[in-house]
Amino acid sequence: MRYFGTDGIRGVVNEFLTPELAFRLGNAVGNMVNGKVFIAKDTRNSGDMLEAALIAGITSAGADVYRCGIMPTPALALITKLEDAAGIMISASHNPPEYNGLKVIMKGYKLPDSLEERIENEMQNVKYNSFEKVGRVIDYRLAEEEYFNYIKELYKNLDLSGIKIVMDVANGATFNLNPKILEYFGAKIEVVNNEPDGFNINKDCGSTHPENIKNYIVNGKIGILHDGDGDRCIFLDENGQEFHGDKIIGLTALQLKKEGRLKNDKVVVTILSNMGLERFLNENSIDVVRTKVGDRYVLEEMLKENITLGGERSGHIIYLDRSTTGDGLITALETLSAMVNSGKRLADLSNLIPDYPQVMLNVKVSDKEVYKSKEVFEKLKSIKDYRVIVRPSGTEPVVRVLVEGPDMDESTIIANDIADLIKKFDNKKE
């Protein structure tokens, strides 16, 4: 059976994602590694249950568990790299609180398809170790400190004094750590959505709901928004306008090029990134490579082509000379560093990077394959002068429709027509 999606194992808790599934995953990983497995989680109420099941699975296989508590996914990735070990992050990232997920990390990196398939096969056949070899559970109190120290050393010359930031931590895994780190660098921080109760993670907040903190953006403040597990980051500029992942990539690509960090003068983006970003980068002698949607595909291309910077419009951005995965805090610090070095406001920098109007619709369906119908294909063929992408979500029962072009009204009409067509054929299948 296929358990892994585009970003680990993810689903509604106690429907698809059960304690038994978590136990089987833990047992499979525990049998594959020597020694220890690090575990961290976000703030969802189901995290404790899934953590307990994972621990039982891992220790029954004879491996030790190092429990890191609540911390962002990129922090766990760093720990596994420093410790040359495996890790499992309990999080569904930007998804609603009824979802959770299990992301397996090996020595800093997410798994390739071949290793996921091997784990899935192992999950079918639970293997217990003898009683004298049952693993232990260690509360790893140094995890947060290790990550903090790593960030402090990376950006030891960064001074954010005088910068006023409203920080939306999405009631998620960054609620405690990330504001402290930005304050360390001198920024004045106002934190919102930082009272996690297990049920409010990502709920009308965080990087998927930037409009909800616009009222806080006054008197020269800028906004920083994370998702539930802290691997994404977007900004609001001083005018309350979204400074999304495409803008961040454009701004920081120029900064990395000046610093001699942009290997091969190339950047990796996905098919969802705006044509305006590509033209801006090309005008600055930077080539653009496009991949399928998903940070794993971005990372694969970066490693294959020896590229330092890659990411998604959603704010999932990888600085490979800084981290092995998308890191919302590093993305924030790279963006703030570029802003400080430019001597300009974020709003002024935003105007330099063009952004063609985009319309994105999420069409709920019972069958995600419906988008492949002949009628939808013919409709897409008939559209001229607009970029259209129709694709199924890897984590939710929806088909995503993206239309991009010179006129917002026309893009909206096209997107709605396609969405209606998908709904029509989905209803016929029910």
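Cβ atoms here come from the backbone N, Cα and C positions, even for glycine.
Within Ser93, Ser350, Ser366, the residue that Swiss-Prot lists together with Asp227, Asp229, Asp231 for binding Mg(2+) is Ser93. When Cβ atoms from all protein chains are considered, those within 10 Å of Asp227 (Mg(2+) binding site) total 34, not counting its own. Using a 10 Å radius centred on the Cβ of Asp229 (Mg(2+) binding site) and all shown protein chains, the other Cβ atoms total 34. Contacts of Ser93 (Mg(2+) binding site) defined by a Cβ separation under 8 A and a same-chain sequence distance of 6+ are given as Asp7, Arg10, Thr73, Gly101, Asp227, Gly228, Asp229, Asp231, Arg232, in order along the sequence.
Sequence-ordered, the extra residues of this chain that approach the Mg(2+) site, with Cβ no more than 8 Å from the Cβ center of Ser93, Asp227, Asp229, Asp231, are Asp42, Pro72, Thr73, Ser91, His94, Gly172, Ala173, His226, Gly228, Gly230, Arg232, His316, Gly326, Gly328.
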